């Protein structure tokens with residue numbers, strides 16, 4: 001954030017202003033671009049460390065797996081975590097953007113930098129008061145070791161069913177033999193020669209020749225959740241549709257009053273607002289009321305919540321297609337087919353339902369997936385469990401670009417107007433939404 005702030009504070013860190021008389025602009029130098037990109041890289045690395053680990057770290061403070069009430073505690077924690085994250089994004093895209101707009105980027109970049117500094121300071125001051133799990137090994141290295149050793153031992157025969165001494169496991173471990181699922185991986189922890197394979201302290205003499213039962217089961221647990229993880233990718237593709245709604249809103253009546261109109265890029269806030277409101281309403285009103293009526297604790301199962309979210313994102317795409325079809329017909333009826341910037345006599349508030357539906361979908365599926373991963377994976381993999389949804393979101397953003405490119409190539413053949421044309425009145429964004437709706441329904445059946 002400090003490097004990004006410097007791009008606004010130091011005149012030499014950016015190209016000079018454009019010459020308005022000659023309409024010429026100087027390109028940034030390599031050093032200026034390096035400074036800018038370095039700030040983006042550091043922000044990305046920092047976010048990659050903070051986001052998954054802060055969720056896992058918070059859950060570590062509350063995780064009492066021997067307590068039957070712990071499931072409800074974790075469900076509430078994950079919900080409030082996402083609600084607070086949504087509210088922070090709302091503040092960033094309203095308050096911080098307002099500061100940047102009113103006071104310039106020197107102040108606009110300086111405020112987040114100071115807030116980040118305060119955050120780091122509070123983190124170090126509060127650190128002694130928390131429970132901290134010590135990292136003992138690299139999980140990713142362990143996964144690679146299991147795969148390589150299982151391949152090396154592929155010709156070994158499996159021990160007899162009750163011969164647990166043939167498998168290598170940690171001292172005082174409750175898991176002395178691997179499960180039968182994905183059985184081929186079990187060969188990674190078979191002890192071939194105890195004298196050569198096991199060191200004096202009981203560990204493997206060579207971790208690349210013998211793994212523990214725990215390593216094998218951790219990899220199995222990760223593989224086991226990947227199919228359900230993949231079902232969230234289509235929903236994340238739907239959530240990443242930011243540019244087309246902005247074009248739609250720009251061509252619609254955005255006035256709330258005669259003098260005030262909502263910026264076209266701000267309609268995405270309805271997604272975040274609906275997510276935060278639903279989490280608060282669900283945790284503080286729906287569940288307590290349902291529990292009071294039934295006379296016992298009530299909670300919606302995590303898999304059911306994920307399914308509800310995937311269904312809602314299907315409906316969101318259907319609504320998006322219907323609204324865009326109506327908007328396009330109105331634009332053509334008004335003679336604006338060749339003028340995508342013209343404003344049609346249709347309120348942009350018609351876009352709000354699709355954003356709200358996607359917000360509810362994210363509240364159900366994102367929170368449900370994170371809770372599911374955290375409960376299914378071993379405690380040692382809690383940070384990976386928290387990172388899986390973010391990884392799916394990243395994959396979805398890449399795939400979203402691929403989907404748009406494929407549709408653009410197919411629909412623009414023969415000189416035809418592409419469905420995803422920049423002229424949304426000539427294009428058929430409604431058909432593009434129907435494609436996403438169909439993919440979402442297929443994904444729901446896959447789930």
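A Cβ is built for glycine as well, from the same backbone N, Cα and C atoms used for every other residue.
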- Message: Suppose you had to name the range TrEMBL annotates as transmembrane segment; which of 6-26, 111-131 would you pick?
- Response: 111-131
- Looking at the candidate ranges 384-408, 409-433, report the one that TrEMBL labels transmembrane segment. 384-408
- Contact count check, CB pairs under 8 angstroms to the transmembrane segment (37-59), set 80-99, 111-131, 260-281, 302-323, 384-408; argmax is 384-408
- Outside the transmembrane segment (260-281), six or more residues from its ends: residues with CB under 8 Å to it: 79-80, 82-83, 86-87, 89-90, 93-94, 239, 242, 245-247, 249-250, 254, 348, 351-352, 355-356, 358-360, 362-363, 367
- Message: Using a Cβ cut-off under 8 Å, which residues of the same chain at least 6 positions beyond either end of the transmembrane segment (111-131) come close to it?
- Response: 1-2, 4-5, 57, 60-61, 92, 96, 99
